[in-house]
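These notes are about the structure you will find just below.
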Amino acid sequence: MSGQQQATSVLVFFVNGKKVTDTNPDPECTLLTYLRDKLRLCGTKLGCAEGGCGACTVMISRMDRGQHKIRHLAVNACLTPVCAMHGCAVTTVEGIGSTRTRLHPVQERLAKAHGSQCGFCTPGIVMSMYALLRNAEQPSMRDLEVAFQGNLCRCTGYRPILEGYKTFTKEFLCGMGEKCCRVNGKGCGGGDDPESVTDDTLFERSKFQPLDASQEPIFPPELQLSNAYDSESLVFSSERVTWYRPTTLQELLQLKAAHPAAKLVVGNTEVGVEVKFKHFLYPHLINPTLVAELQEVRESEESIYFGAAVSLMEIDALLRQRIEELPEAQTRLFQCTVDMLHYFAGKQIRNVACLGGNIMTGSPISDMNPVLTAAGARLEVASIVEGKISQRTVHMGTGFFTGYRRNVIEPQEVLLGIHFQKTTPDQHVVAFKQARRRDDDIAIVNAAVNVRFEPKSNVVAEISMAFGGMAPTTVLAPRTSQLMVKQPLDHQLLERVAESLCGELPLAASAPGGMIAYRRALVVSLIFKAYLAISSKLSEAGIIAGDAIPPKERSGAELFHTPTLRSAQLFERVCSDQPVCDPIGRPEVHAAALKQATGEAIYTDDIPRMDGELYLGFVLSTKPRAKITKLDASAALALEGVHAFFSHKDLTVHENEVGPVFHDEHVFAAGEVHCYGQIVGAVAADNKALAQRASRLVRVEYEDLSPVIVTIEQAIEHGSYFPDYPRYVTKGNMAEAFAQAEHTYEGSCRMGGQEHFYLETHAAVAVPRDSDELELFCSTQHPSEVQKLVAHVTSLPAHRVVCRAKRLGGGFGGKESRGISVALPVALAAYRLRRPVRCMLDRDEDMLITGTRHPFLFKYKVAFSSDGLITACDIECYNNAGWSMDLSFSVLERAMYHFENCYHIPNVRVGGWVCKTNLPSNTAFRGFGGPQGMFAGEHIIRDVARIVGRDVLDVMRLNFYRTGDTTHYNQQLEHFPIERCLDDCLTQSRYHERRAEIAKFNRENRWRKRGVAVIPTKYGIAFGVMHLNQAGALLNVYGDGSVLLSHGGVEIGQGLNTKMIQCAARALGIPSELIHISETATDKVPNTSPTAASVGSDINGMAVLDACEKLNKRLAPIKEALPQATWQEWINKAYFDRVSLSATGFYAMPGIGYHPETNPNARTYSYYTNGVGISVVEIDCLTGDHQVLSTDIVMDIGSSINPAIDIGQIEGAFMQGYGLFTLEELMYSPQGMLYSRGPGMYKLPGFADIPGEFNVSLLTGAPNPRAVYSSKAVGEPPLFIGASAFFAIKEAIAAARQEHGLTGDFPLEAPSTSARIRMACQDKFTNLLEVPEAGSFTPWNIVP
């Protein structure tokens, strides 16, 4: 190493108080990999590998020598290099508490507040909260908001997490002290009224153990008392990469002179992503965080100087402090900066990322570069010239960025720091950012304006406007800026500015990133927001008249802020005489919640590595449709540690053909590939990194085939459908109904797909056993299918294959059939090599390979009367299946059976087409076609209401099904309480009051509008295929009275095991604590159905009851003889009397199996789950941003087995549906390549996206006679209520359009992204844009 100081190559750090010393650390290894693979601390999870989900969050503690304090930081272990941990203390979820010792209050409160479902995200959320409390023992709700910006949860809907952790905050305490309703656990809704039939207390806060800071683990004294590790220069080398950590500026600059192409790594938030996903190799990495000059902070009268390696959170903290202390006029750049930093990534990223890295990376969508460029920020750079340190000053502004991710700073130079100038009274700096999601998202477009006025006037003296997202670099608009100089800033000038910007900042129709019209509109819209914001300041200062900005327009400058959550959960109280040990109807904590909160819960990839285990890496297709002309794995096999390559050549044609129903798929592509991401082959190697590196060396040559079909419209054009389609369902006399109709209308609607984004990706471990047996541990919702197809691929009988699934980190249907993509190659490799083999897909692989929810297109013609009564509907349903059938036929059928939603239509013809395209095969997803079908139905009901001029609510009521009505598939509705749900929800939500409030708001605001929407739902409960409606159970009672229960369902996070324990506890009359469920395994319960279709509790619960009844029957004589004995005594007596204490249970759902020809009188569904949701939404008409202000839900779920779990399912389903209809957009190239392969581009709802007021009520007094203990299914039915946000948004857009003279209907596809919202709000700014003619260009992305 250059420089005079001797470097060390020994890595030393602490993990959970234990010292770790490594003499040969790998610079390419992340902290997450080190924790999991070397230290076997598997509580920390891999969710995305790009710092976007927070599942890998740990706390890093280090001694700040300058401040003489210990800093505790939540960080993403998936991005943090382990080499950067030298001299640090790492705390993981295992290090703060356990079920075997003592739970930490952070773990306890999350679990007992029902904030953990699948549990895969739970350790990361726990550690984000823990790190917050280590820095602020009593945080504010805003602190919580910030702490969780970098964490995602796909299951809970976030509400219970916030409710549990709210108990730590300042806002939670009130003047009532111990009598406060929030402390004593009684809630504020009168749940303690003994006369009430409802309860509102899901957990008792008063029983939480207090937070005691004195009990926290101490910072290692060795690190606190000595700076030896901080003063050491480091050099760590591997075969490919060398890591340097200099401690002086001289060393750093000498290193940069010796290695000009070396990457400086501070937070590794950009380089880590490049290395992981772009497979960049940087042979030299330099970590400059201990170079004093790069950590310097100094202040002067004119500015604050931050060293280039100072973290964004430290910059944010100091700037906020100065904003509080200094006059407002001096801190406008500071305020602008902290405003932008709030939306810069998540807290875990901001804790380690630095401003210098942001500048030097030069991303065209950087959040900070437009601010710094507009401000003309002064930078200090240094280099070694003739052995001496040479410094110079560089200004950000015109000419600083010289190209994509390039600037004027030379390769051998190092950025030392940035000056933040204080502003003057006549200077204003504002910035705005628009992204797909507000929190933790990259910008679509951002803009910053730095303007100085002539003294005490609104005449522009000088102005700089910078934009991100409009070119390969941050760009200025000098021509438009010059136009504004010496002009008063007013509406007239803004008209000219808007026109000028449209010309100065063009964007090619095929530009990367897509959304061309939207991005161009944002440029003008964001500048208009800046104008409104600055004019407001000028007005406040008395420089311009108070009415210079019309009152209706002032709110256009405002941004959405996350409100403090308000919520209520109401459910039916259990009878006062119900035995204490009877758990049915009680809000029991999820059976695995405490293990999940402590990191003790074991998921598939947490299973300890076995001796001789190999890892499987996949070779994936890089073509959408092509013939494979060459497949050469020789380069991969030449690598040391690579043991085998598998392809279709290793299987017979028959063995290679697989599929859940139709065997039209292949384990490995044979001859042709049909989509991007199809598995072509697999490499077995010693470890994951090597397997993946080797897989990239496999050479595949192709011959392109055509046509490539990606979209539904292309499939229709080419007639590309699966055989036997279209299919039709008919009812009544269509011709007569349309001939007699007073009105007819033809319309269409369309919605995109949705990525499952279970936090745990697909994973499998296969272990060969003796006697030609194979044991699989698999993240699957359908163990029996995996067993069957593994047996098929290996030509083994099924009894030699055992598939086990202990728990899944989420599934949502995505692990029902697609798990075979991973399990089959893993099983084959293990069987052939006779060694254990493992694979867990990376997030980008999982998203590319495993398919999504089906996109749908609907075309309909409807007949109706003048009062809105629908008399007939002719509808065509098209789904995009991808390249193989999978379950698409059944998804289509459910859409066809659900399109009418809650509305009775006497005459129906519904046709369905399964479109075959060159996309990965789409598959089951929560709702299974039902939400798509009901989406069409809600469009129809609103079209009818609009045409006849009646309120939608009135038309809904007019058309509602009533008890006794018959559906278009001949099922009579026996109990249909939709009107009761509606009435309760209208009252709960103050619907009519809110409508009046919305009307008033919309009259008073031009650029912000609100809408409200009511959504009813009717979801049929049963598998569409009759034979799947069955389940089995096995009950084993041991001599000590403990019970081991097995059933055919899989615990995915939905609380199935918890409910089964509750069912067995009531049936046996024993406490839940005596019952344990270990796993789901095909050698315990054979021939299981998938855990899907929301029937898991129904069919498995009845099987459990059957087993319990058999056991009870055997025990009955003993109980009669010993009526005063205990359960343990009865069991002991039974054992000695040689009574079998093992029982099997079985259940087959009765009365179903409808077929229009062979079984027309049977039911299609066992029953229906109904509900109603009402959402109020506000939109920003200038940006397309939106916020859900409130959501109220009333669900009829019969007699709830567990209200806490059921309400959690309702909230989680709503948020998933909300994501489907508003946020989650899959981006494909015109050739079918998926762009959105991780949380960086694919946005599911975050903590800040939940409704500001979120109320859920369970309908009381509505037992269901057709399911276990009078309950109803709850997993899928609430999802469609998320569409209430979509239709509320559409109502708000309509109000915006009316403001500009636009009436009538307008198209709005789902999801209603910010781009679609903004472009639907047509106005004077969007009218400035020229729209290129369709077909004159190739778009960057298309909608499948």
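Placement of Cβ uses the backbone N, Cα and C atoms for every residue, glycine included.
The following features are taken from Swiss-Prot:
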- 9-96: domain '2Fe-2S ferredoxin-type' (DOMAIN)
- C48, C53, C56, C78: [2Fe-2S] cluster 1 binding site (BINDING)
- C118, C121, C153, C155: [2Fe-2S] cluster 2 binding site (BINDING)
- 236-425: domain 'FAD-binding PCMH-type' (DOMAIN)
- 264-271, F344, 354-358, D367, L415, K433: FAD binding site (BINDING)
- Q781, F812, R926, A1093: Mo-molybdopterin binding site (BINDING)
- E816, R894, F928: substrate binding site (BINDING)
- E1276: active site, proton acceptor (ACT_SITE)
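Structure coloured by features recorded in Swiss-Prot.
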| residue | record | Cβ contacts under 8 Å, 6 or more apart |
| --- | --- | --- |
| C53 | [2Fe-2S] cluster 1 binding site | G47, C121, G124, N151, L152, L759, P1239 |
| C153 | [2Fe-2S] cluster 2 binding site | C121, I125, I161, L759 |
| E270 | FAD binding site | G357, T361, S363 |
| C354 | FAD binding site | V266, G267, A308, A309, V310, S311, L312 |
| L415 | FAD binding site | A308, G356, I359, M360, L379, E380, V381, I409 |
| Q781 | Mo-molybdopterin binding site | A805, L808, G811, G813, K815, E816, G819, V1050, I1052, P1090, T1091, A1092 |
| F812 | Mo-molybdopterin binding site | R154, H756, Y758, F925, R926, I1052, Q1216 |
| E1276 | active site, proton acceptor | R926, G927, F928, G930, Y1019, A1093, S1094, A1213 |
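Mapped onto DSSP helix, strand and coil, the domain '2Fe-2S ferredoxin-type' (9-96) counts 15 helix, 31 strand, 42 coil. When every Cα pair among Q781, F812, R926, A1093 is compared, the largest distance found for this Mo-molybdopterin site is 12 Å.
Residue pairs drawn from E816, R894, F928, the listed substrate binders, are separated by up to 17 Å at the Cα level. Of all the binding-site residues given, namely C48, C78, L264, R894, none has its Cα within 10 Å of the Cα of C118 ([2Fe-2S] cluster 2 binding site).
Sequence-distant neighbours of L264 (FAD binding site): residues of the same chain at least 6 apart with a C-beta under 8 Å from its C-beta are K256, I286, N287, P288, G356, G357, M360, V414. The number of other CB atoms found within 10 A of the CB of F928 (substrate binding site), across every protein chain shown, is 28. Excluding E816, R894, F928, which define the substrate site, the same chain contributes G813, L887, S890, V891, A924, F925, G927, G929, G930, G1024, A1092, A1093 within 8 Å (Cβ to the Cβ centroid), listed in sequence order. When other Cβ atoms within 10 Å of the Cβ of R926 (Mo-molybdopterin binding site) are tallied across all protein chains shown, the result is 25. The [2Fe-2S] cluster 1 site, placed at the center of the C-beta atoms of C48, C53, C56, C78, has further neighbours from the same chain whose C-beta lies within 8 angstroms: L32, K45, L46, G47, A49, E50, G51, G52, G54, A55, N76, A77, L79, G124, R843. The CA atom of C78 ([2Fe-2S] cluster 1 binding site) is located 40 Å away from the CA atom of R894 (substrate binding site). Spatially close to R894 (substrate binding site) yet at least six residues away along the chain are F928, G929, G930, G933, G1020, G1024, judged by Cβ distances under 8 angstroms.
In the three-state DSSP scheme, C354 (FAD binding site) is classed as strand. Annotation for C155 ([2Fe-2S] cluster 2 binding site): spatial neighbours Q117, C118, C121, G810, G1053, G1208, G1212, criterion Cβ-Cβ under 8 Å with sequence separation of six or more. Each of the binding-site residues G267, G357 was scored by the other Cβ atoms within 10 Å of its Cβ; the lowest score goes to G357. Listed in sequence order, L32, T44, K45, L46, G47, N76, A77, C78, G124 are the same-chain residues six or more apart from C56 ([2Fe-2S] cluster 1 binding site) with CB atoms under 8 A from its CB. Each of the binding-site residues C78, C118, A1093 was scored by the number of other CB atoms within 10 A of its CB, and the lowest score belongs to A1093.
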